[in-house]
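One structure below.
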Amino acid sequence: MTAQSPYLSFHGIGKEFPGVKALSDISFSCHAGQIHALMGENGAGKSTLLKILSGNYSPSAGEIHIQGKPVQFSNTMDALNAGVAIIYQELHLVPEMTVAENIYLGQLPHKYGMVNYSLLRYEAKLQLQHLGLDIDPDTPLKYLSIGQWQMVEIAKALARNAKIIAFDEPTSSLSAREIEQLFRVITELRSEGRIILYVSHRMEEIFALSDAITVFKDGRYVCTFDDMQQVNHESLVQAMVGRNLGNIYGYAPRPHGEDRLTLKDVKAPGVKSTISLNVKQGEIVGLFGLVGAGRSELMKGLFGATKITSGQVLLDGKPLVVNSPIDAIRQGVMLCPEDRKADGIIPVHSVRDNINISARRKSLKAGFIINNQWEADNAAQRIDALNIKTPSDEQLIMNLSGGNQQKVILGRWLSEEMKVILLDEPTRGIDVGAKHEIYHVIYELANQGIAVLFASSDLPEVLGLADRIIVMREGAVSGELLHADATEQKVLSLAMLRIPDIESAVA
């Protein structure tokens with residue numbers, strides 16, 4: 001293998017499950033000392049490829065080569081022993097064990113048949129120092145932040161001398177400071193000659209970090225951009241979705257009616273100060289603020305998931321009393337929660353059940369018999385209207401992509417007489433094509449006169465969608481801007497948000 005030869009290469013990789021071809025003829029290469037991004041819509045095949053690389057799946061076709069030699073892994077330990085580590089969104093660590101024990105889990109040093117804790121602490125400390133971390137290796141993992149857990153996963157990979165480290169949506173649960181630290185570590189790993197495979201929907205991260213980008217679509221290889229000077233946002237999006245989305249937000253002003261939702265000095269658990277705001281019929285109002293600003297807590301209170309503790313909420317000028325989500329739904333107030341998997345869907349139930357779970361009460365025969373035909377027709381109507389990608393309405397919702405799960409939740413509320421919809425991080429973890437479709441649904445709801453209140457930590461999204469932006473800081477409203485007047489600088493100034501200097505972190 002010459003100095004210019006790829007360290008890692010995929011040759012005709014295919015993967016089939018019963019009735020589904022997840023990957024077909026994937027071929028591309030990665031070089032040592034390279035951050036190589038993998039991009040594509042949900043379901044494009046990125047995670048499947050990582051699971052093949054890590055030994056979770058066996059390929060149905062093709063070969064993986066490392067340093068020019070074919071390799072085949074039967075399990076994740078085989079892959080780790082060959083220097084391949086995957087850092088998933090759901091971190092695979094043991095909370096009750098110490099940091100040191102987690103780093104060397106499966107290869108604890110022994111002396112006279114017993115664990116050598118002195119050597120274990122020493123070796124773990126070296127790995128943590130390598131990453132620039134000041135963490136006591138004797139600390140139980142459960143006391144660390146998610147960002148620190150992730151660093152322990154990286155230290156675990158380095159303890160096995162991993163030369164190939166893949167990250168799957170690594171920043172989805174991190175603070176700005178933790179993201180900055182992660183980028184510093186990733187660029188340091190690159191400088192040591194390691195290959196970094198990086199999967200993310202966040203394009204600003206991809207452009208800040210990557211040396212090359214490979215795009216997947218529908219389980220197939222599309223292209224590799226290996227000259228970052230020749231790729232921009234538009235060309236990358238077009239490669240991912242197979243079409244030019246143009247202005248992804250597609251904002252157009254629309255007439256607004258009377259005040260539909262009004263908050264007067266409202267407080268809820270987790271909201272530190274009183275909140276006053278209003279949303280008109282057909283208006284889209286965006287809530288922006290730091291993590292901890294109280295946006296999600298406010299929405300939970302309005303939906304009855306928690307209790308409004310003071311102040312007054314009005315719906316169409318009349319007091320809105322909500323003691324439970326059922327109360328909210330019956331009065332036309334719906335919520336798409338931030339954590340859709342935990343709070344928005346019933347994972348082991350079908351798409352049909354998840355769409356109909358709220359409206360079922362309206363279709364019961366004789367007050368207690370489920371009307372299967374009505375539910376099938378209603379589910380089919382929502383699946384068609386929202387372009388929900390599913391083999392059938394009987395598919396378990398847990399098997400759908402994040403974007404399609406979100407559309408199922410929206411379809412559930414379309415079955416109700418909606419007056420207000422509360423959207424908490426509506427596109428988090430969703431690919432750009434699905435985002436475009438969800439934005440279209442939001443505009444359609446507003447065009448029907450529904451009041452839309454959405455919270456998002458994606459500032460371009462807030463700027464692109466909202467007729468009006470309300471900025472929250474530490475549980476209080478710090479300012480308000482109209483769409484025409486809003487800029488990134490103005491919003492961040494009101495939020496007192498320190499912009500992470502991504503470029504300096506990766507320099």
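Quick reminder: no glycine exception, Cβ is built from N, Cα and C everywhere.
As written in Swiss-Prot, here are the features:
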{"type": "DOMAIN", "residues": "8-243", "note": "domain 'ABC transporter 1'"}
{"type": "BINDING", "residues": "Gly40, Glu41, Asn42, Gly43, Ala44, Gly45, Lys46, Ser47", "note": "ATP binding site"}
{"type": "DOMAIN", "residues": "255-499", "note": "domain 'ABC transporter 2'"}
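Averaged across the domain 'ABC transporter 1' (8-243), pLDDT in this predicted model comes to 89.
When secondary structure is read from DSSP and collapsed to three states, Gly45 (ATP binding site) falls in the coil class. Taking the Cβ of Glu41 (ATP binding site) as centre and 10 Å as the limit, one finds 24 other Cβ atoms among all the protein chains shown. The Cβ of Lys46 (ATP binding site) lies under 8 Å from the Cβ of Leu38, Met39, Gly40, Asp168, Val199, Phe216, each on the same chain and at least six residues away in sequence. The binding-site residues examined here are Gly40, Gly43; by Cβ neighbour count within 10 Å, the least packed of them is Gly43. Sequence-distant neighbours of Ala44 (ATP binding site) (same chain, 6+ apart, CB under 8 A from its CB) are Phe216, Lys217, Asp218, Gly219, Met240, Asp431.
Within the same chain, residues at least six positions away from Ser47 (ATP binding site) with a Cβ under 8 Å of its Cβ are Asp168, Val199. There are 24 other Cβ atoms within 10 Å of the Cβ belonging to Gly45 (ATP binding site). Reduced to three states, the DSSP call for Gly40 (ATP binding site) is coil.
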